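Engineer: Take a look at this one; I'll ask things after.
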Amino acid sequence: MTGSTHNGGSRLIQYEDSSNKEFIRKYLVETRNEFIEKQMRALYECREIYKDDIDEVINILTYALENNDSVLLRHEVAYVIGQISNEKCNDILIKLLNDTEENLMVRHEAAEGLAAIGSDSNIEVIKKFLNDEKVEVRETCELALSSLLEKNKYAVCSCSNKDSIKEAIKKKRNDEFVSKKFNTIDPVVFTSSGNAKSVDALIEDLNNEAVPLKLRYEALFKLRDMETDVSINALGEVLIKDKKSAIFRHEVAFVLGQALHLNSLKYLISSLQNVGEHEMVRHEVALALGSLGSLNINSQEYKNVQSEIISTLKTFSKDACRVVAESCLVGLDYIAENLNMAIEVN
């Protein structure tokens with residue numbers, strides 16, 4: 001099965017040892033536009049296995065970008081590059097963001113990646129896209145600019161030792177801008193005032209479509225970190241009810257995939273089933289469902305949940321939208337890999 005992975009035929013998704021360089025070469029270098037679930041796994045293994053060789057990571061991921069047209073893979077490459085948070089990766093992301101012919105999901109992720117890397121030089125890059133014709137890119141760049149300005153606010157001092165400044169800022173990024181609980185660089189930097197807000201106030205901000213998007217994002221991540229029934233239900237509700245911003249709903253889906261709370265199941269399935277929803281939201285929902293279904297919980301209740309997730313992902317692995325269909329295959333691969341099982345998709 002090549003190209004669009006949701007055409008006819010069947011495939012068996014099953015465990016394959018991926019923690020080696022041969023797997024990475026097989027699926028990111030030798031394979032083009034097929035076996036998307038293995039390509040995605042190879043992408044994350046590449047980041048880990050070559051973590052001490054950034055030049056090789058750049059070579060492999062650049063090759064993958066140049067030789068694959070899957071929006072899902074290209075988008076995820078941009079995400080991984082941003083999370084690596086190395087200034088050597090700036091040029092790759094700038095090229096993606098500059099390309100107005102590139103899919104907006106990829107451009108969105110490139111802008112987020114530039115903010116995650118945090119270089120002060122990225123501020124002027126991001127400013128150029130604040131009036132982009134794509135609302136998803138505009139909104140992402142607004143958030144990215146806010147994040148970059150916060151991360152670099154100490155870089156404007158007149159100290160003569162610029163290298164020392166850069167090292168201090170880099171350490172601050174590592175210490176303050178990475179989620180300790182989820183080990184990710186979030187797309188917004190929290191303000192201290194947000195720490196004192198009550199749950200009700202955060203939920204109000206989350207649902208208020210009239211406030212700046214950054215404020216809603218701050219509420220989103222604060223509620224994620226609480227990991228309570230109330231906070232997860234609030235996130236699930238806004239995933240379904242929000243009408244203002246696709247990138248916001250996509251981030252809600254991503255966060256629910258991090259939280260791995262069973263209360264999110266009905267909201268995620270409802271969102272995936274909504275074929276009128278933006279593809280970037282449904283794609284993220286499919287991945288979140290895969291994560292939720294890959295837990296090793298030995299209870300009948302969870303087995304029922306897992307069965308429903310597998311059935312749903314199988315159904316939408318044939319979705320008319322390629323990025324959604326591929327994301328469902330990747331979600332199924334999460335389950336197959338983590339639980340060492342085989343899943344047949346007809």
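Each residue's number is its place along the chain shown, starting with 1.
Every residue, even glycine, has its Cβ placed from backbone N, Cα and C.
Not my notes, these are from Swiss-Prot:
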BINDING   His75, His283, Glu284  Fe cation 1 binding site
BINDING   His108, Glu109, His250  Fe cation 2 binding site
REPEAT    71-100  repeat 'HEAT-like PBS-type 1'
REPEAT    104-133  repeat 'HEAT-like PBS-type 2'
REPEAT    213-242  repeat 'HEAT-like PBS-type 3'
REPEAT    246-275  repeat 'HEAT-like PBS-type 4'
REPEAT    279-320  repeat 'HEAT-like PBS-type 5'
Engineer: Measure from the CA atom of Glu109 (Fe cation 2 binding site) to the CA atom of Glu284 (Fe cation 1 binding site) and give the result in Å, rounded to a whole number.
Structural biologist: 12
Engineer: Provide, as an integer number of angstrom, the distance between the C-alpha atoms of His108 (Fe cation 2 binding site) and His75 (Fe cation 1 binding site).
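Structural biologist: Approximately 8 Å lies between the Cα of His108 (Fe cation 2 binding site) and that of His75 (Fe cation 1 binding site).
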Engineer: Using a Cβ-Cβ cut-off of under 8 Å, list the residues of the same chain that are 6+ residues beyond the ends of the repeat 'HEAT-like PBS-type 3' (213-242) and lie near it.
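Structural biologist: Distant contacts of the repeat 'HEAT-like PBS-type 3' (213-242): 139, 142-143, 146, 179, 181-182, 186-188, 190-191, 194-195, 197, 199, 202-203, 205-207, 248-249, 251-253, 255-256, 258-259, 261, 263-264, 266-268, 270-271, 281, 285.
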Engineer: Where does Glu109 (Fe cation 2 binding site) sit by DSSP, helix, strand or coil?
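Structural biologist: In three-state terms, Glu109 (Fe cation 2 binding site) counts as helix.
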Engineer: Enumerate the residues of the same chain, His75, His283, Glu284 excluded, that satisfy the criterion Cβ within 8 A of the mean position of the Cβ atoms of the recorded Fe cation 1 site; list them in sequence order.
Structural biologist: Leu72, Glu76, Met105, His250, Glu279, Met280, Leu287, Val323, Ser327
Engineer: For His250 (Fe cation 2 binding site), which of the three DSSP-derived states applies: helix, strand, or coil?
Structural biologist: helix
Engineer: Determine, for the Fe cation 2 site, the additional residues of the same chain whose CB lies within 8 Å of the mean position of the CB atoms of His108, Glu109, His250; present them in sequence order.
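Structural biologist: Neighbours within 8 Å of the Cβ centroid, excluding His108, Glu109, His250: His75, Leu104, Met105, Glu112, Glu136, Thr140, Ile247, Met280.
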Engineer: Between His250 (Fe cation 2 binding site) and His283 (Fe cation 1 binding site), how many Å separate their Cα atoms?
Structural biologist: 8
Engineer: Non-local Cβ contacts of His75 (Fe cation 1 binding site) (under 8 Å, 6 or more apart, same chain)?
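Structural biologist: Once residues fewer than 6 apart are set aside, His75 (Fe cation 1 binding site) is near Asn103, Met105, Val106, His108, Glu109, Val323.
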Engineer: Counting across all protein chains shown, how many other Cβ atoms sit within 10 Å of the Cβ of His283 (Fe cation 1 binding site)?
Structural biologist: 30
Engineer: Just counting, how many other CB atoms are there within 10 A of the CB of Glu109 (Fe cation 2 binding site)?
Structural biologist: 26
Engineer: Which residue, out of the binding-site residues His108, His250, shows the minimum number of other Cβ atoms inside 10 Å of its Cβ in this structure?
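Structural biologist: It is His250 that, of the binding-site residues His108, His250, has the fewest other Cβ atoms within 10 Å.
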Engineer: I want to verify one value. Collapsing DSSP to three states, which class is Glu284 (Fe cation 1 binding site)?
Structural biologist: helix
